[in-house]
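Structure first, then comments.
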Amino acid sequence: MHKKVLMVCLGNICRSPSAEAILRHQAQELGLDIEVDSAGTAGYHTGERSDPRSIHHAEKRGYQMTHLARQITQADFKKFDHILVMDQSNFTNVSKIAPKELAHKVELISHYDPKKEITHIPDPYYEGPEEFEKVLDYLEVCVAGFLKQALPKE
């Protein structure tokens, strides 16, 4: 069953492209047919590569980040089966622009933490290397949870 998943954060250069790379990697390892993309709620970095720090930390774990930043569009709500956002601010902003009949597609990725300890994926942009590592740790847990919890039900 082919599924389409969109990861969303603010600028689409740190968290959501990391989540995209992790989901692509984990799905491939499991042999799942998932199309994944990422976008930002803002268009600050449209057309730019991911933050070099995000790329560095992701590549250390074997993830490939070749994404160019873009802003979420209305077409995304129709195209994607799941729209996973990184924090409450992203959830609010994406929900505001979602067509009412498609708003159910928008969820916090932290909802898929099996232990329910992760409440959001923090923005590492103004932080140091340890925060970029923490983001990857959190995303690995939540993406694995998403693959186990959301997809088998469908």
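Cβ from N, Cα, C; glycine included.
Automatic prediction, not curation, is the source of TrEMBL annotations.
Per TrEMBL, the features are:
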DOMAIN    3-149  domain 'Phosphotyrosine protein phosphatase I'
ACT_SITE  C9  active site, nucleophile
ACT_SITE  R15  active site
ACT_SITE  D123  active site, proton donor
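Listed in sequence order, C9, L10, C14, R15, M86, D87 are the same-chain residues at least 6 apart in sequence whose CB falls under 8 Å from the CB of the residue listed as 'active site, proton donor'. Under DSSP, the residue listed as 'active site, nucleophile' is assigned to a strand (E or B) in the three-state scheme.
For C9 (active site, nucleophile), the count of additional Cβ atoms within 10 Å of its Cβ stands at 29 [all protein chains shown].
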